[in-house]
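A.B. asks: Pulled these from Swiss-Prot:
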ACT_SITE  D538  active site
ACT_SITE  K632  active site
ACT_SITE  D813  active site
Amino acid sequence: MNIIENIEKNDFSEIELAAIPFNTLADHYGSALAKEQLALEHESYELGERRFLKMLERQAKAGEIADNAAAKPLLATLLPKLTTRIVEWLEEYASKKGRKPSAYAPLQLLKPEASAFITLKVILASLTSTNMTTIQAAAGMLGKAIEDEARFGRIRDLEAKHFKKHVEEQLNKRHGQVYKKAFMQVVEADMIGRGLLGGEAWSSWDKETTMHVGIRLIEMLIESTGLVELQRHNAGNAGSDHEALQLAQEYVDVLAKRAGALAGISPMFQPCVVPPKPWVAITGGGYWANGRRPLALVRTHSKKGLMRYEDVYMPEVYKAVNLAQNTAWKINKKVLAVVNEIVNWKNCPVADIPSLERQELPPKPDDIDTNEAALKEWKKAAAGIYRLDKARVSRRISLEFMLEQANKFASKKAIWFPYNMDWRGRVYAVPMFNPQGNDMTKGLLTLAKGKPIGEEGFYWLKIHGANCAGVDKVPFPERIAFIEKHVDDILACAKDPINNTWWAEQDSPFCFLAFCFEYAGVTHHGLSYNCSLPLAFDGSCSGIQHFSAMLRDEVGGRAVNLLPSETVQDIYGIVAQKVNEILKQDAINGTPNEMITVTDKDTGEISEKLKLGTSTLAQQWLAYGVTRSVTKRSVMTLAYGSKEFGFRQQVLDDTIQPAIDSGKGLMFTQPNQAAGYMAKLIWDAVSVTVVAAVEAMNWLKSAAKLLAAEVKDKKTKEILRHRCAVHWTTPDGFPVWQEYRKPLQKRLDMIFLGQFRLQPTINTLKDSGIDAHKQESGIAPNFVHSQDGSHLRMTVVYAHEKYGIESFALIHDSFGTIPADAGKLFKAVRETMVITYENNDVLADFYSQFADQLHETQLDKMPPLPKKGNLNLQDILKSDFAFA
């Protein structure tokens, strides 16, 4: 039975024909725009349904329908039934004397729930991709899947440490059963050769055993669930008489009904052609028709989480979100024309545009069939290209969607983007195509309401142009000088961007191209030129800025430009400089390479391994060159909870692996060792640069850890205090609840078939409880994100009420508006930062909100509030580069 064909398409006409929103919109904007807006909202649901069903069809063809949300509840319902039947069958024959069934011994090798899960997944996969299959084919496939799990699962179960350390990550990087299995065969052979797994090779099951296992599981599946049924075909015809398996119609209907329901609540939200519906409650804002899935003001993980906000009085928060989404935008047609022209070029001048075609694989060596070393080297090079190609395809699909949306709305005089918030209070645009996207998306959008640029606006336009070119780490006069030096280049790009592609060489090419067009407009029309290009003022490592301000930390504050300075303080560059100083010392005086002996904990086998000394590692990094780009992500994420181990992975992913893929990282002979060495240097350097921020993060973690701890009486073991979530309120009145809970389900891990969460049985059903580890590790990033979210919202309201600014381009720590109002926003962003931390001691407020929840035995364990420094918050008002 074909599930896709049985899905009944949704009728979304209630959206387009909704009378109340139509009448409201018609009264304000006319019936034509009212009709168009509701048609767009209707279309968003149709597009979402199409996307969902396309994904479902793709998964069905690939045999992966069990991974779709439509099938997961069915699996969760059937899994306990089949598991129980398998347990009963095993127990029945365990107590019987005499010869056991052929399937008995093999099925004892797996946990019953694992056998049940594999059965459901394999049978669903085979029947949704082919409608029906012979029982022999299904049994053979199922029996083989059971054997594979028994065979390779022993690596995970018997050699757990080895699997975690050396196998799991590499296994997860491989996609497709064939590649995963080939990899595990190599791993298995290597482990057996080294005496692991008892030194015994797997004794493969014969075809008869495989068939017995498969048929017995299919029989139990039919007995316990009725998921499949046997149909006899061509009865009496000796040549073609056979029994086939197919999904029972009731389950086809269940899957089709759920898939249809999910498809109906998966809209691909689009921009609006009228101002979004104002937020006045926690649901129902943004889009005018409610639809099947009305927007929520706060993105939470559950309805219960959302309802916490129902009675919260937070007028400033509502005001800010409504101002953000009331900003009118339009498509920048000049930039759009250029993108449409170049995006399909084979040699696109913009390096970041993903190409239409895959990079060619390296030529195979002539002796590849006989030279194992050559084959291995070629495979390694090809693997890098395949990995890059997967990312290319994903980026290309995203690019084409954004471009399609830009072309779709290009004729509109104005469009709007509904906004809402995550649970920490960070403000997000709802449609996929929005002003918070990448450089191309931002370049394709401009504000709809401009003003005569004026002299001050022209000044800020030049600063913006230099920033887009990457000339943003120098004082303003030098940025202006850069623009004035390149006036001819800028005007040439504006006149003929297809043939003059200097703009494509800049740091943010499409935003720079948009600047070129506006600069040419001012040049040709003078200071009365009406300019609507959004100019952005970006924070300087925002997380550290907020920690430094709340702690009055002069050292950290200076490093992130909170204090006035003649030059731009670049914390990423400062850390890179400190790292380079150590590298130069280590290159001369560092430790030498050494061969170290490694003893296998399980087998006692001793082997030798080359450990690079700090001298060699330093020389490798000096040869590569450590700049701010190497340290940037690690320093930036420090305020968001990243530590030395996290730095290591970041360095590996962001610097070393791309360098190796591009051929520029050949010096890194031991990538993991090079990453670990650099991570330690960055950690040490940043820890002495922003001491107060690190102290505040540790203090927050201590608080979250104590709140998440269960307090028991030492003698009676009576629980004196249950684990608590963490709650605080931001300066503008937004309440934040951090409540990570342990999942109720138990996770079932398969070697090849992924993961599944088992619903607990009646006997094991308990409150999941607070996840203490996540509470502790999440508090620092979530707390500082909530503070920058509050600062953004306060800035929007303040800038509107004090300076009359109406248009806002907002991305968390980036504040933008039109050039004529840029000078006002430049002041507003600093003034609200000062107001926030002069009027609020956010750490003390946080402490006061949870102190009474601590048990008396915990009070001594809570460290005192971090000490404050001598930073004068008023100095932020005089800092050119705090947000620049």
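Keep in mind that glycine also has a Cβ here, set from the backbone N, Cα and C atoms.
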A.B. asks: Fill in the CA-CA distance, D813 (active site) to D538 (active site), as an integer in Å.
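C.D. replies: It is 6 Å, counting Cα to Cα.
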A.B. asks: Indicate the candidate from D538, D813 with the smallest number of other Cβ atoms within 10 Å of its Cβ, considering only these active-site residues.
C.D. replies: D538
A.B. asks: Using Cβ-Cβ distances, find the residues under 8 Å from K632 (active site) that belong to the same chain and are at least 6 apart in sequence, listing them in sequence order.
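C.D. replies: Correct list: Y572.
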A.B. asks: According to DSSP, collapsed to three classes, what secondary structure does D538 (active site) have?
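C.D. replies: Assignment for D538 (active site) reads strand.
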A.B. asks: Going by DSSP, is K632 (active site) part of a helix, a strand, or coil?
C.D. replies: helix
